Amino acid sequence: MNNLKLSEEIKRAINELGYTEATPVQKAVIPVALTGEDIVAKSQTGSGKTAAFAIPIAEQVEWEENKPQALIIVPTRELAMQVKTECTNIGRFKRVKAAAIYGQSPFAKQKLELSQKNHIVVGTPGRLLDHIEKGSLNVDKVAHLVLDEVDEMLSMGFIDQVEDILSRLPKQRQNLFFSATMPEEMQDLIKRYQDNPMVIEMASEKTNPIFHVEMQTDNKEKTLKDVLITENPDSAIIFCNTKNQVDELTDLLDVKASKIHGGLRQEDRFRAMDDFKSGKSRFLIATDVAGRGIDVDNVSLVINYDLPIEKENYVHRIGRTGRAGKSGKAISFVKTNENPLLRDIEEMLDVTIEKKRKPTVIEVKVNEDAFRKKQQKRPTIKKARGEKLNKNIMKLYFNGGKKKKIRAVDFVGTISKLEGITAEDIGIITIEDHVSFVEILNGKGPAVLEMMRSRKVKGRRLKVNEARKR
């Protein structure tokens with residue numbers, strides 16, 4: 001990573017995030033993206049593609065510009081939040097501000113956020129289009145467009161909305177398209193919206209074994225329990241085709257499991273995802289719609305309780321296992337009438353999905369005790385990638401904003417004059433109508449908090465406190 005031509009602010013962030021060695025897709029994409037060329041990248045899930053586009057975008061945005069300069073379109077809310085977090089972390093020391101816009105979140109609250117300075121906007125197609133049509137998202141200065149998981153947006157029927165958004169963007173812009181597969185409809189999209197793009201096709205790095213278990217009778221629940229006991233994974237994702245099936249399995253399995261599907265409230269979906277990512281839950285039971293936003297390293301087992309209805313989704317599902325060079329395994333339950341779909345998947349992947357027999361009664365009995373002990377063991381909580389980067393940051397709350405004619409430069413001017421503080425110690429600044437939030441970096445938050453209690457901002461004495469987490 002240190003060999004890339006990046007600013008010191010971006011290099012510092014990626015080092016603190018632990019990006020010491022670039023993945024193959026990052027090595028291929030980042031240098032080309034920094035030149036402004038259009039790119040089509042075929043890359044599997046878990047290959048590091050988010051950083052592959054987030055790094056060059058964070059590098060190229062101009063801090064002084066108030067309107068969004070990059071638009072990143074993704075298929076799901078979970079993915080929108082994850083990409084936004086990644087962009088924020090990578091751009092932390094350059095003070096790059098990113099917003100996540102998606103459905104089932106209050107429109108008015110998003111409108112207020114979009115009225116602030118935002119360098120990058122990440123969102124789902126429908127809600128992005130709503131904001132553009134209503135004038136709350138200005139796209140006049142968008143110079144970088146990313147379509148992430150293009151094949152997923154095609155299969156979910158979002159393409160008309162995506163094209164509507166693209167038709168409203170400036171013609172002169174960089175277009176970066178990322179996809180795990182390359183369906184024919186995507187080729188049409190490339191021809192219409194990209195200018196002689198660099199095509200980057202990454203060979204699959206995965207050597208993770210993939211199997212299928214034949215289901216002769218309707219005994220999938222018992223087989224699932226037996227497979228979990230004999231495999232005894234540290235973590236596993238179980239994919240179902242319906243939310244009812246997700247609910248039933250969550251109740252049926254005698255293990256601590258999180259669940260995620262489109263019928264849950266957004267905060268419950270985020271909480272379930274956080275619990276699984278952190279290791280509080282060893283198992284996650286999910287549908288495809290919700291599962292597309294799952295970005296978790298070190299998942300040791302993926303089980304397709306139901307084969308996906310769309311064969312392309314198989315690629316996304318099994319891409320959740322292993323990741324980043326770690327080993328993993330994928331097992332699919334296949335009924336007799338699903339054999340044609342299994343053959344289609346094998347043809348698409350150009351592999352043979354090996355048949356695996358069901359665990360025997362003896363195998364289950366032998367492994368049952370070890371499985372129970374692992375489930376009862378207190379989980380080791382995993383640290384989030386951005387934890388090291390964010391631990392020396394304090395966000396301050398001030399009780400004044402736009403209505404008092406206060407701007408970001410007023411805070412920068414005042415705080416940078418404090419003893420021992422420079423502009424490099426100031427992070428992202430958010431100015432709302434009646435309040436403002438200022439991030440203080442490098443562990444200097446407590447000192448700034450104390451000194452600002454007796455300082456004025458633009459001639460006004462403002463209340464200042466450490467901001468509550470929102």
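Please read every residue number as a count from 1 along the shown chain.
Every residue, even glycine, has its Cβ placed from backbone N, Cα and C.
Swiss-Prot annotations:
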- 1-27: motif 'Q motif' (MOTIF)
- SER43, GLN44, THR45, GLY46, SER47, GLY48, LYS49, THR50: ATP binding site (BINDING)
- 148-151: motif 'DEAD box' (MOTIF)
- 223-365: domain 'Helicase C-terminal' (DOMAIN)
- 394-470: region 'Involved in 23S rRNA binding' (REGION)
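Cβ neighbour density within 10 Å is lowest for GLN44 among the binding-site residues GLN44, SER47, THR50. When Cβ-Cβ distances below 8 Å are used as the criterion, the motif 'DEAD box' (148-151) is approached by residues 49-50, 53, 72-75, 79, 83, 177-183, 186, 189, 292, 312, 316 of the same chain, each at least six residues removed from its ends.
Across the residues of the region 'Involved in 23S rRNA binding' (394-470), the predicted structure has a mean pLDDT of 94. Applying DSSP to the domain 'Helicase C-terminal' (223-365) sorts its residues as follows: 62 helix, 27 strand, 54 coil.
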